[in-house]
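Trainee: I grabbed these lines from TrEMBL:
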REGION    A:1-21  region 'Disordered'
REPEAT    A:22-75  repeat 'RCC1'
DOMAIN    A:23-408  domain 'RCC1-like'
REPEAT    A:77-128  repeat 'RCC1'
REPEAT    A:129-180  repeat 'RCC1'
REPEAT    A:184-238  repeat 'RCC1'
REPEAT    A:239-282  repeat 'RCC1'
REPEAT    A:357-412  repeat 'RCC1'
C-alpha cells in the first residue's frame, strides 16, 4: 500500500485534529480490514482506534457497507475509505483491501456532502449536487447505463442536470433523492428483483442500469432515503414512512412504495436485511420485521419467539407463522429515551439520551458485532462499555452499523 | 435453520472461488460449487460463520458432463465483474 503524500497544510490540519477531543471505536467482523484496527480479525469488544487517520472531531458522516467504510470529513468535504476493496468500492483506483483510512483522490478537489456504502458499492454526492458511484456494478447499481464495475468514482451523468441531495446504497441497488425539485424526487437503479426500485410491476425486467423515477412522491416532502439489503424506505418531513422492496417477516415483496399505517411520528429510520428500526418524535424505538433478529443460529429460540412476541402494539398474529410481528416496540428500554438508531444486516444499535448517554446493541452477535465481549445473540438492547477515556458529560455519541460490524464516535459535545 | 432461500439465478459465479456465491449478512459470501450442485446439494455455506442458505435450482441443469451447458444457461450473463477505471 502506497504512502499518502502529505502537504504541510495537511500536517497542520492533522495536528489540530489531534488536539481536539474525540474517539473512534469499532467492533465486530473484521477480516477485510473494515474495523480500521490494522488487524484482519473479528473484535468482540470495542477497539479504540488510535491512528491519527481517525479524526473524530472532523468526521461528519460515517457510512458502513458490506465490509467497507466511507468517512466524510467536515473539513472541505474530503472522503476517506477503508476495508474491502475487491470490487473497487473504496474508489482508490485499484481492487485492493485497505487497512487504514485513505483519501479518495477525486474528492480532494471536489467537496462531498453525503456518502453511502452498499454491499460492495459506494455512492457520493457533491456539494453542488452531482452523484458519483464506484464498486460492483453487476446489477446496474452504479447507474452508468451498463453492468461494469468501477474502481474510481464515476459521475452518474444521467442525473447531470438534476440537483441531488442524498444517495442510499443497498445490497444490489441504489436510491437518490433530489433537492427541492418539482416532479419525482426519488430515483432508483440496480437490482429490482424484490421491488426495491419501486418502478416496475414487470417481473421480467429485474434490473435497471440507469436511474428510474419512483412514482408516488410528487407532492411529498422527503427528509431521508434509506436502503439496505433488498429494502428501500423514504421518511417524509411530516413523520411518515414509506417502504418498498423485500417484504418484512416473510410478507410479500412491495413493488411500489407503501405508506406504513401508524399514528406514530417517525424522525429517523434504519434498515437491516430483514428488519427496520423506527425512531419516533417521543424518542421511542419500534421495529418492523426482525423475524431473524438475534435468532439466527438457534431454531429453539425461534419457536419461543413465535409464541411470545415482543411487547407492544400494533401487533399482528396469524396462523401463518410467516407473518409474526408487524410493528413492535423494542423491549426492555424501560422508558429510556433514544436519540439515534442504526442497523446492520442482522443487528441493531442505538444511542440513548445523555446524561446516561449510552450505546446499546442487540440482535445477531456471532462476530462480536454487539461489542459485548462475546458472540451471543441478544433479544433486547444491552449497554456497550466504551471505557471512560473521555468524561461522558462532555461528549456526544454516534453509532453506525455495517453488515456485521459497528462503529461508534465519541466527540466533543457542541454546547 | 436456513437463513434464506435463494434462486441459483440470483447467485453470482465467482471465478476465484470456483463457486456460486450470495452475500452473507456477516460480510462474507455463501458458497456452493458446481460439483456440489451436481450431486444434489442444496445448502450453500458461509466459511466465516454458522449461517447457510438453501439454493433453489434444477439438479438436471448440473447433471452429467455439463460444464459447457451450465455455463451457457445458468451463469447470470451480466454478473462477471469487469473493472473499468
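Cβ atoms here come from the backbone N, Cα and C positions, even for glycine.
All TrEMBL annotations are machine predictions without curation.
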Trainee: How does the model score the repeat 'RCC1' (A:22-75) in terms of mean pLDDT?
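Mentor: Result for the repeat 'RCC1' (A:22-75): average pLDDT 88.
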Trainee: For the repeat 'RCC1' (A:357-412), how many residues does DSSP put in helix, in strand and in coil?
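Mentor: Once the DSSP states are binned, the repeat 'RCC1' (A:357-412) shows 3 helix, 27 strand, 26 coil.
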Trainee: DSSP on the repeat 'RCC1' (A:77-128): how many residues come out helix, how many strand, how many coil?
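Mentor: Secondary-structure breakdown of the repeat 'RCC1' (A:77-128): 4 helix, 23 strand, 25 coil.
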Trainee: Could you give me the DSSP helix, strand and coil counts for the repeat 'RCC1' (A:184-238)?
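Mentor: Across the repeat 'RCC1' (A:184-238), the residues distribute as 0 helix, 26 strand, 29 coil.
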